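Asks: As annotated by TrEMBL, transmembrane segment applies to A:21-42, A:279-306, A:327-353, A:365-389. Residues annotated as domain 'MacB-like periplasmic core' in TrEMBL: A:22-245. What TrEMBL lists as domain 'ABC3 transporter permease C-terminal' is A:286-399.
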Amino acid sequence: MNYTNLLKISGGALLRNKMRAFLTMLGIIIGVASVIAMLGIGQGSKQSIREQMSGMGTNLVFVMPGSQQRGGVQMGPSNMQSLTMDDVTAIAKECPHVAAVSPEVRSSGQVVAGNKNWPSTIYGGNVAYMGIKKIEVADGRLFTDKEVHAMAKVCLVGQTVVDNLFGEGADPIGQTIRFKKIPMLIIGVLAEKGENSFGQDQDDMIIAPYTTVQRRILAIDHIQGIYTSATSEEESELAIAEISTVLRRQHKISNPADDDFRVMAQAELVKMFTSISDVLTMLLGAIAGISLLVGGIGIMNIMFVSVTERTREIGLRMAIGGKSIHIMAQFLIESMMLSVSGGIVGILLGYLISYVVSGMMGWPVVITSQSVVLSFLVCSAIGIFFGWYPARKASALNPIDALRYE
Amino acid sequence: MDKTIIQVAGLRKEFHVGDVTVHALKGIDLTITQGEFVAIMGTSGSGKSTMLNILGCLDKPTGGDYFLDGINVAGLDKNQLAEVRNLKLGFVFQAYNLLPRTSALENVELPLFYNPRVKTRERRDRARAALEAVGLAGRMHHTPAQLSGGQQQRVAIARSLVNDPVVILADEATGNLDTRTSYEIMELFQRLNDQGKTIVFVTHEPDIARLTKRSIVFRDGHVIKQQAVTDRLYASELIAALPVEND
């Protein structure tokens, strides 16, 4: 008995019952397709979160004012005025794992140009600011160090601001906008970034020298945040430690529990959000896995019916020289053919569903070779596992009884 | 002297049903030589089916010896028995036992699938030859549902021939057929016997037994009568004598 013969026998048996074979396969097809699609959608959302957050730079390390007790009164972090330009200078000078550093100040309000106005946010930074936050200039130029020192009334505008104040496709460079009564010359347009994963429009912003925003618009002495680039993503942790040490010394804090600032790395945030999406992916995958299991039970059910229905065939095969192992192999191969071909069709269908979903809903879909290999192995295993018992039952039949079976 | 195909000596078979031991065969001695056409007869419960199962290597005797083509079959295990069935025996059943929705040709090929020495090409050629030998050259691609009972039994006979067995065991092979078709099948068996095939034919119909060369009668687990058929009939003559059918 060779394997080709066994394959021919099993394949022939399946072809004699095309409809039933197809319906049995359907359970596996749906199971595998949903596993592939669910994992694909889950992976896709994870990757898109990662990409968008990395869009701000994975080596980003930023400092926010932290909450602190002052004379027994707990202060809200936004009220804190703990960060100053001296901190920025100290970080730039003393932290070897910080490649670039910029202060951040921001203000929200109406931007006015001619007879139109638009609510937006103006961000102030130094010349390194845009580099740190991975914002690029699409048109025009960045402001200079000189303009930062001079509190120059210049700004760069995002595409959403351009569209709403000057109309789509307009060239705003050289025009003047007013923000809280301060007129500012537009010297550049920011490259479009689209929405981030939280639905926030990243093009609805104006960037100006921090001095302009801090002194002319807000009239404050402190700054609202410090953005830095670590020398690499892996060295973010080192950068955090260095910045914390510098700031504690600057702020004369001895106990880390009393910190009036918080240092965070983008890499950590990415990890946090992707872990949420990992949990979701696992849940979706588990539900799809259950349907795959049900498909496997469907195969076992049909194989049992098949063994009972073909008892006489089994008896005949034994009478004409089929050994128990041949009968067992025949039914095992049949169930594996069902599950494996179901698996292959399911994988293709899963791809199709994923792309239709991503096309229709705009969801990102990433199908990893891992999930394909995994679901393929799982359905082969299902074929063996759920086919084994019926196959054993068939091979254990007594040929005399099987031949007389009615 | 013709070669001995089947030699049975002191063959016993017991079944245990609950606490009761049923003695189905109580010491059978039997010799069948090459080219014989033997009818095994007996009423139900006489032990003839048990005898056929043992002769067919589907069941093992409780005691005694059974030599098939020189091999002592009584000492073989399940897998060795399967091989013996594949290479030495051909079965023809009352209910044909063809695979449904499978062409005549594929049905006939079936035993060769279990013979590792036969390649695809040879398998097909031998199945064709067997079908031609039973007069079904034009029906090779018909499924059992498209064939009459007699034709289905011919396919089954072709299947039993395809591995060139030393003996063909037929179990009530004409039991499901009308008189004319029965005679036609018997004519085929007689022709195969004339060509040298050894045939053991189990039946309970005395007129079918008269078409064979020797009859062995079983009763209560014993052989009670063994005799050569003296007034042998020929199926071709019987068919000619039947009234012409009006279609």
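Every residue number used here counts from 1 along the chain in the order it is shown.
Using the three backbone atoms N, Cα and C, a Cβ is placed for every residue, glycine included.
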Asks: Give residue numbers and ranges for long-range contacts of the transmembrane segment (A:21-42): same chain, 6 or more residues beyond its ends, CB-CB under 8 A.
Replies: 14-15, 277-278, 280-282, 284-285, 287-289, 291-296, 298-299, 302, 338-339, 341-343, 345-347, 349-351, 353-354, 357-358, 363, 365-368, 371-372, 375-376, 378-379, 382
Asks: Roughly where does the domain 'ABC3 transporter permease C-terminal' (A:286-399) sit in mean pLDDT, to the nearest integer?
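Replies: Summing pLDDT over the domain 'ABC3 transporter permease C-terminal' (A:286-399) and dividing by its length gives 89.
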Asks: For a three-state summary based on DSSP, what are the helix, strand and coil counts in the domain 'ABC3 transporter permease C-terminal' (A:286-399)?
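Replies: Across the domain 'ABC3 transporter permease C-terminal' (A:286-399), the residues distribute as 99 helix, 0 strand, 15 coil.
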